[in-house]
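Notes to accompany the following structure.
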């Protein structure tokens, strides 16, 4: 919403208006689906965050920049506010990257997401240079760096995830073999015991036959 506001205030920013309008629609649908299927506690926390970010903070920025700033500095101020918000958004995957390093698994960091994040950062950086807008180009430098780091982590740890999955598959088979061996060894004990008892009885029978002689 901030980028859409920036595009509406700035002259000649038709591309920013179209892409951010589409993004607002997609994010609204996404949030609506999340609220529909989330648990009660998750729904409450999401609603609080949504109201705080998209109502309170956005309204404060809108009032501050529209009524308290001169028109000559309004666009740069809004642009740098958008830059700060974009940097925080790009920095959000750092938690996932730390989790990948800690668990040595890329389960929570799909390659497609990292790839398109990097591609989007490159395209928007190029667009920012083309239209000579530093506020558009600058945050995408960080987006490109983080996207490349995510793809490097994926290349490093993707085999670790496969090895873990193979170990988990082998574990039930080994357990099954142990159970089978345990059953066989237990069943072999009883014939041996019976043979010993039979062997003990044979000398007794022989002694009883020899006594009368």
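Placement of Cβ uses the backbone N, Cα and C atoms for every residue, glycine included.
The transmembrane segment annotation in TrEMBL covers 12-37, 49-69, 75-96, 108-131, 137-157.
Only residues 6 or more beyond the boundaries of the transmembrane segment (75-96), in the same chain, are considered here, and those with a CB under 8 A from a CB of the stretch are 2-3, 5-6, 9-10, 61, 65, 69, 108-109, 117, 121, 133-135, 138-140, 142-143, 146, 150.
Sequence-distant contacts of the transmembrane segment (12-37) (same chain, at least 6 residues past either end, Cβ-Cβ under 8 Å): 1, 3-4, 6, 43, 46-47, 50, 127, 131, 133, 136.
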